[in-house]
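Taken verbatim from TrEMBL:
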type	residues	note
DOMAIN	A:40-283	domain 'ABC transmembrane type-2'
TRANSMEM	A:38-58	transmembrane segment
TRANSMEM	A:78-100	transmembrane segment
TRANSMEM	A:121-147	transmembrane segment
TRANSMEM	A:159-185	transmembrane segment
TRANSMEM	A:192-212	transmembrane segment
TRANSMEM	A:258-276	transmembrane segment
Amino acid sequence: MSAATDAAPVTAPGNPIGQSVRDSLVIARRNLIRMTRIPEMVLFGIIQPVMFVILFTYVFGGSIKVGSTTDSDVYKDFLMAGIFAQTVTFATAGSAAGIADDMQKGLVDRFRSLPMARGAVLTGRTVADLVQTSITLLVLAIVALLVGWRTGSAEPTNIGRVLAGFGLLLLLGYAFTWIGALIGLSVRTPEAATSGGIIWLFPVTFVSNAFVDPTQMTPWLRHVAEWNPFSAVVQACRELFGNPGVVQSDAWPMQHPVWATLTYSIVIVLIFRTLAVRKYRRAAG
Amino acid sequence: MPGAIYAEGLVKTFGDVRALDGVDLDVPEGTVLGLLGPNGAGKTTAVRCLTTLLRPDSGKAVVAGLDVLRQPNEVRRSIGLSGQFAAVDEYLTGRENLQMVGQLYQMKGRAAKARAAELLEQFHLSDAADRPTKTYSGGMRRRLDLAAALVVSPPVMFMDEPTTGLDPRNRQELWEVIKQLVAGGTTLLLTTQYLEEADHLAHDIAVVDHGRVIARGTSDQLKARTGGERVEVVVHERDRIATASEVLAGFGKGSTTVEEHTRKLTVPVTGGAKLLAEVIRELDTRGIEIDDIGLRRPTLDDVFLSLTGHLAEMADEANGSADDAGHEQEKETAK
């Protein structure tokens with residue numbers, strides 16, 4: 001299975017990139033059809049972050065200090081970027097479970113025996129997950145507005161900047177689903193993929209600026225938090241949304257969170273897509 | 001000239017286990033080879049190597065004139081794969097599954113749609129075409145799985161245990177479908193645990209054990225090597241075993257084996273049903289009451305026993321293969 005024969009099949013109709021895109025769309029469509037047949041999965045995916053928004057807002061609101069205030073309205077505006085970012089990264093578990101399920105059920109073997117583009121099964125999965133994440137994020141934003149989240153509450157902003165913030169969230173979320181794809185290919189069961197897809201996200205999302213100010217952490221933890229890709233997107237969103245809690249730090253990702261998020265996302269996709277596709281090609285069902 | 005499926009010295013190891021230990025195969029175009037063996041013999045590994053799913057450690061494989069190791073993508077265009085490990089999506093309908101497979105074989109959307117409808121009709125799945133396959137019976141799923149492998153009418157087909165776990169009626173039905181397919185000129189490699197299945201469908205049989213082909217030939221040749229038919233008697237009372245054994249010795253073509261605890265006697269014979277009738281009459285004359293009597297043709301176990309000196313171990317797998325083996329036995333006895 002050399003790269004050369006895969007990339008340029010002698011009798012292939014059309015060009016390889018066109019085929020790759022077509023095959024990925026066929027698989028994405030298949031995964032989206034599945035979502036409509038298992039609506040409860042989409043529903044739980046929405047309920048979980050909505051619950052976080054409500055619990056955090058009403059339980060912690062008023063007792064956590066943001067900057068120099070414990071005003072619960074300030075806290076809401078501070079909180080949402082973190083919750084949004086957590087939501088998009090938790091989609092990783094869905095990708096991992098979905099791919100592990102395909103492996104276990106023998107679908108990966110079916111696909112691997114077909115003359116299709118090698119990366120398409122994984123790309124199709126991540127694209128379908130991106131669609132699902134977008135829906136979840138939309139619902140979540142509406143709920144956030146309902147409980148009192150407002151853009152431009154700390155600094156002025158505009159609709160373009162707000163949408164750019166959501167774009168960055170989806171981009172980093174998409175990059176993370178490739179980590180999920182690799183996890184899904186590496187474990188034996190969908191159950192293991194679900195926990196394996198989520199466990200590592202707790203330190204990633206909590207050792208960050210999402211829920212507390214990293215300048216309050218011990219120095220080494222603070223460095224980890226400031227260079228955490230997850231912190232970059234949260235920082236970027238707070239800036240773009242005009243929300244409070246922007247970390248004052250000399251660390252490059254905190255200074256240039258938008259560029260940092262873009263860079264991190266591209267690097268994560270490049271590394272994990274390469275690893276995942278290689279693993280897929282050798283996958284034993 | 002090598003056949004449509006050709007393998008030479010295929011070796012595949014998983015850790016310490018040599019799953020394939022130098023397998024040679026040659027299937028002439030338009031014929032059916034049955035790869036017969038117990039679970040863990042290496043049948044599935046062989047199919048996975050030949051269908052590009054697994055890279056062998058060494059050896060050579062040519063399918064439809066294409067080198068499996070050097071031209072995997074071209075091979076994939078020329079083969080269909082069906083069986084225990086190539087599944088359909090349970091949340092998609094039958095139609096959606098077939099359309100998806102068609103598109104992934106690089107068919108245009110409309111062509112894939114038309115082909116799906118055609119196959120659904122051919123495999124008697126039209127009524128269930130727009131239901132998620134989760135709701136299908138085991139037999140329907142296998143038919144859809146087979147249809148998925150036939151979307152582009154590939155010249156070479158691989159079926160891995162196509163009927164394992166199916167009830168006898170569904171098995172019969174699937175056999176008919178496979179026969180029609182082969183009549184159309186497709187070259188087929190089929191793996192099975194059942195001699196009866198290989199008997200029905202295959203021109204040639206290769207018996208596999210511990211990753212090696214230990215015997216090949218037609219079904220009749222293999223059965224002849226195994227020793228043909230046996231009469232099996234279960235006597236009602238333990239103290240009549242000796243007398244029954246004497247009776248059987250008179251008809252047998254070899255020594256009688258006796259299992260004391262089950263009161264079962266087995267003796268190799270020739271002469272079929274006519275001889276069986278004579279045995280019954282003689283036992284009756286001697287006043288030996290019997291619980292069960294039957295003419296048994298060789299089973300996979302018998303073939304294995306004679307070829308390897310050990311029994312084919314029907315390991316418990318997902319589908320409860322052990323139950324199937326029991327089933328097989330029952331049917332043979334009933335004949």
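Backbone N, Cα and C atoms are what each Cβ position is placed from, and that goes for glycine too.
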Spatial neighbours of the transmembrane segment (A:159-185) far in sequence, C-beta under 8 Å, 6+ residues away: 81, 84-85, 87-89, 91-100, 103, 122, 125-126, 129-130, 133-134, 137, 141, 151, 193, 196-197, 229-230, 232-233, 236-237, 240-242, 258, 261-262, 264-266, 268-269, 272-273, 275-276, 279-280, 283
Selected stretch (most C-beta pairs under 8 A with the transmembrane segment (A:78-100)) from A:38-58, A:192-212, A:258-276: A:192-212
Beyond the flanks of the transmembrane segment (A:38-58) by 6 or more, those residues with Cβ under 8 Å of it: 72, 75-76, 79-80, 83, 86-87, 90-91, 94, 132, 135-136, 139-140, 143-144, 147-148
